[in-house]
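Copied from Swiss-Prot, the annotated features are:
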| type | residues | note |
| --- | --- | --- |
| ACT_SITE | CYS139 | active site |
| ACT_SITE | HIS258 | active site |
| ACT_SITE | ASP274 | active site |
Amino acid sequence: MNSIHGHYHIQLSNYSAGENLQSATLTEGVIGAHRVKVETALSHSNLQKKLSATIKHNQSGRSMLDRKLTSDGKANQRSSFTFSMIMYRMIHFVLSTRVPAVRESVANYGGNINFKFAQTKGAFLHKIIKHSDTASGVCEALCAHWIRSHAQGQSLFDQLYVGGRKGKFQIDTLYSIKQLQIDGCKADVDQDEVTLDWFKKNGISERMIERHCLLRPVDVTGTTESEGLDQLLNAILDTHGIGYGYKKIHLSGQMSAHAIAAYVNEKSGVTFFDPNFGEFHFSDKEKFRKWFTNSFWDNSMYHYPLGVGQRFRVLTFDSKEV
């Protein structure tokens, strides 16, 4: 069975369920070029205990929400337990091992960590793992909310956490992030279009430039595997003579895809957000370019073709608040 959700690809095989289940085999959980192969033979009783513990972990426990319902009466989204949630937890764990290396490298290139955040671990993972459409990650929705918050002169993390500190979640923001991801995962729906519609409702618009006497959105695509990072970084750092711009960046490879975001300002530098690592700031574009090229690309594992190291798409946005 092949399944692709969010930015992870998982292949599950040789799994059968029933009262006489004696073994379970998980094969080829792929993240980046790291192929995680876990083959486990379990007795019936041991398997029951492990699955029961996993189900309980996903369906119970302290809520860590500031209130049970959103301000308009909606409950935090969740779906029935699925076996893929176990695999997603494993993949998130692999990604989370890269967090220290990425964060430690920021200062070495003259950058600062604005906020430590990772969807791959901790309380936030515990919230998104409870729904089949968000269990693999909510990078697209997080980037969209980050751009909106920054354009409003606010911090996504002040809106996501009570008091802006990790602990309790603001359920309205958590619900909004999860719902945008869920809406983009529906059948026969283009996730990019869903995000664009959400942006329009929140005062964010695609930047338009004139080409051949027509106004067209700034939409740059290319490859990283054969052409290196110069084309990608040029697209991220180009402000088209305006001096600033919001960037939503899609990275993809043979089996995975991921979204990151940035605010580029010719005067104040680059503020960069990756849902897997947090928010960082570099005082000028050259510092960011060197960090991204010499450190981040490899430390994040994004350089592998099996992961997200083949293609990119960079969209530029404007906001009336800027």
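Any Cβ shown, glycine's included, is placed from N, Cα and C.
Features as recorded by Swiss-Prot, highlighted on the structure.
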residue: CYS139; record: active site; DSSP class: helix
residue: HIS258; record: active site; DSSP class: strand
residue: ASP274; record: active site; DSSP class: strand
Distance from CYS139 (active site) back to HIS258 (active site), taken between C-alpha atoms, in Å: 7
Integer Å distance between the CA atoms belonging to ASP274 (active site) and CYS139 (active site): 8
Listed in sequence order, residues with CB under 8 A of ASP274 (active site) and six or more positions away: VAL102, ILE260, SER300
All-chain count of other Cβ atoms within 10 Å of HIS258 (active site): 25
